[in-house]
Amino acid sequence: MKKFAVFGNPIAQSLSPTIHQMFAKSCAEDISYEKIEAPLDGFEATIDNFFASPQAVGCNVTVPFKERACAMAKHKDDAVVMARAANTLMRNEDGELCAFNTDGIGLVADLTNNGLNLQGNKVLLLGAGGAARGVVHPLLNAGIENLHILNRTIEKAQAIAEDANNPKVTAVNHKQLLADYDVVINSTSASLSGTLPTVPDAVLANCQLAYDMVYSKDNGATVFMAHAEQLGAAKQLDGLGMLVEQAAAAFYIWTGKQPTTASVIEYLRNR
Ligand code: ATR
C-alpha cells in the first residue's frame, strides 16, 4: 500500500486525509494517508523518519512547516523557489527529496472551475506573505493583465514584485489602486483572526469576485466574504475549492493520476 501523510502543528483540523482518500478511491489507488503532528523542534527528523519507510511515496506539509520543507529539499520547483515554501514533498528515484508548491495551481484551478476566465484580468492581491508568493506565477501563467499587490507592510509587497521580475506585477499603495479590479484575492492571515485587511470599499464594491484564500470551517462566509458581499461585490468565494485543487495537483505529482475534484468539493461543502 502506498503511504502518504500530512505534517503540521496543529494538524487535527486537516481535511487532507479525507480529500486524498476520496481521490484514491476515484483513481483506484490503495493508499494510507495519515495526519501527523510534527514537534516544532523536530520537523526534519519526522520527515526523514516518514520517508525511511519503503512504502512512503509523498507527503503534504502545512503551517508552520512549509518554509522548513522548502529548506530541506534538494530539488525545488519554480513555485517553491518563488514562495520559499513547499506544501508537497516526494522522493525521486535516487532517494532525494523534491519539493513542490501546488497552492497557486490550486487557486487558478478553483477560479477557472467557478467560471472565471483570468485572461486579461486585473487582479489585486491583498497580503505579501508566503501565501501571496505562492500564487504569483500561476496567476501570471493564467494570462492576467496585471497583478497589484497591496500589503500593510509595503516593503514585503515590493520584495515580491522584485522577485517576480515581471512588469505586470507591481506593489501598490492605497493611492495607486485602480477602481476596476476583476478579482480581489485576500491572502492575508487576517481572516484567521476574524479581522479584515484594509482596502477601500469601492475596490471591493466594483470587483467581479472577492476571493478569500482561507475557508470557513462551518461553510459560512468568512469575514472578508461577508464584508465584500455587503459592499456589493458581484461574487464571493472561500478557499475550500483551492484546498481541494492544490491536493489534486499533489496527488497527480505523486501518482500520475488526475483525480476528479468537483464531487470532493461538493462533499466537503455539505459535510
Ligand atoms: P502566510 O504564510 O499565511 O502568507 P505570513 O507569511 O505570516 O503568512 O503572511 C501573513 C500576511 O498577512 C502578511 O502579508 C501580513 O501583513 P504584514 O506583512 O504587514 O505583516 C498579513 N496580515 C496579517 N494580519 C493582518 C491584518 N490584520 N491586516 C492586514 N494584513 C494582515
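For all residues, glycine too, the Cβ spot is worked out from N, Cα and C.
NADP(+) binds Asp78, Gly127, Ala128, Gly129, Gly130, Ala131, Asn151, Arg152, Thr153, Ile154, Glu155, Lys156, Met213 as TrEMBL records it, and from the list Gly104, Gly239, Gly241 the residue named for this site is Gly239. Close to ligand 1, meaning a Cβ under 6 Å from one of its atoms, are these of the recorded positions Leu15, Lys66, Asn151: Asn151.
Cβ neighbour count for Glu155 (NADP(+) binding site): 9 (other Cβ atoms within 10 Å of its Cβ, all protein chains included). Each residue of the domain 'Quinate/shikimate 5-dehydrogenase/glutamyl-tRNA reductase' (117-191) gets a DSSP state, and the totals for helix, strand and coil are 29 helix, 17 strand, 29 coil.
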